[in-house]
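Noted in TrEMBL for the protein shown:
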| type | residues | note |
| --- | --- | --- |
| BINDING | 102, 103, 104, 105, 106, 133, 135, 139 | NAD(+) binding site |
| BINDING | 179, 257, 274 | glycerol binding site |
| COMPBIAS | 367-391 | compositional bias 'Basic and acidic residues' |
| DOMAIN | 16-161 | domain 'Alcohol dehydrogenase iron-type/glycerol dehydrogenase GldA' |
| REGION | 366-410 | region 'Disordered' |
Ligand SMILES: [Zn+2]
């Protein structure tokens, strides 16, 4: 039998080996960690370590674990990783625990990957799905996005303690909602044509995730700690991770994250969270589809998102991101980086130039101009990814359609 047609696919890294969810988990997590190692190295931000160490330490001591604690300051960067690798060797660490937000968890996952150690993630907010995924972003010491690293597996243990997440600022959950809805707007463009079973599943889950958040985000934010709040936390921390896992490397980000990556090069953008910049990036992506393609669906989707953003407090413009006084030169630099040759922005089904991106970045809140008003015929471009033949995915939703999670795909 010939195997000549069988090519190796990258390994599937769909989910953590174990996910613990509940209240007051931090105080009882030692029993699960001792299964993985006896000498943990805990990685977190300075502030998180100061507040979490007194809570976590007793749980680890009860299992007689020998624990070392290290900050990932100044950032999830190559220099920090070099320092942490030394510290891991010095401590003879046999398990890594990451506790905190996306950058703390990304740093811990990278360290465990390089040292081939088991990894435990404990998210302290619902701002990203970093606790779940087999992916880490690497930044410069100054916080500019550099590149991402595909890891060999998802974490060995994810501990989602709702009590812990509830202590995080409201804004972190809002940011997590922005990052999570981006999955649909990006995956439907990058992978909407795919005939591969798992990728189709990932794109459809991204739509379900978006619908859950459209339905529940506002109520969740009104009642922190309530049942709806918990479902929304599950959506941003867990389901968003499922989509990344199912979709894998082929279900890539597109313009929303490319815009985020460009913005990280501006110092003034560092006061906003990853998901806030990504949420703004979705509007930029839709605006590009409008400007370059004349795509009416994108225009409608953008208006729908502006309304949603207004309700929950996601940034709609550069002003909202605190970039009111950004210079043309800085904006051009961010746009040029977002348009670099290797950027995922080029997964859009049309070419994008820096000037077009800048135009989109400054006009995210523009009113919808109907083609009839411009005296043109309202025709959809045939090349729109959501409207091609084959497995057809639901287009960006109509504002008239109910955001039902069980709507049938057209
Ligand atoms: Zn993201």
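Quick reminder: no glycine exception, Cβ is built from N, Cα and C everywhere.
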May I ask you to report the DSSP-based helix, strand or coil state of residue 103 (NAD(+) binding site)?
helix
So for residue 106 (NAD(+) binding site), how many other CB atoms are inside 10 Å of its CB?
29
Going by C-beta under 8 A and a gap of 6 or more residues, the same-chain neighbours of residue 139 (NAD(+) binding site) are 75, 76, 77, 103, 145, 146, 264
Considering every residue in the domain 'Alcohol dehydrogenase iron-type/glycerol dehydrogenase GldA' (16-161), what is the mean pLDDT value?
97
The record lists 102, 103, 104, 105, 106, 133, 135, 139 as binding NAD(+). What's the largest Cα to Cα distance among them, in Å, rounded to a whole number?
17
Ranked by how many other Cβ atoms lie within 10 Å of their Cβ, the binding-site residues 104, 105, 135 are led by 105
Using only C-alpha positions, which one of 179, 257, 274 is spatially nearest residue 106 (NAD(+) binding site)? These are the binding-site residues in the record.
274
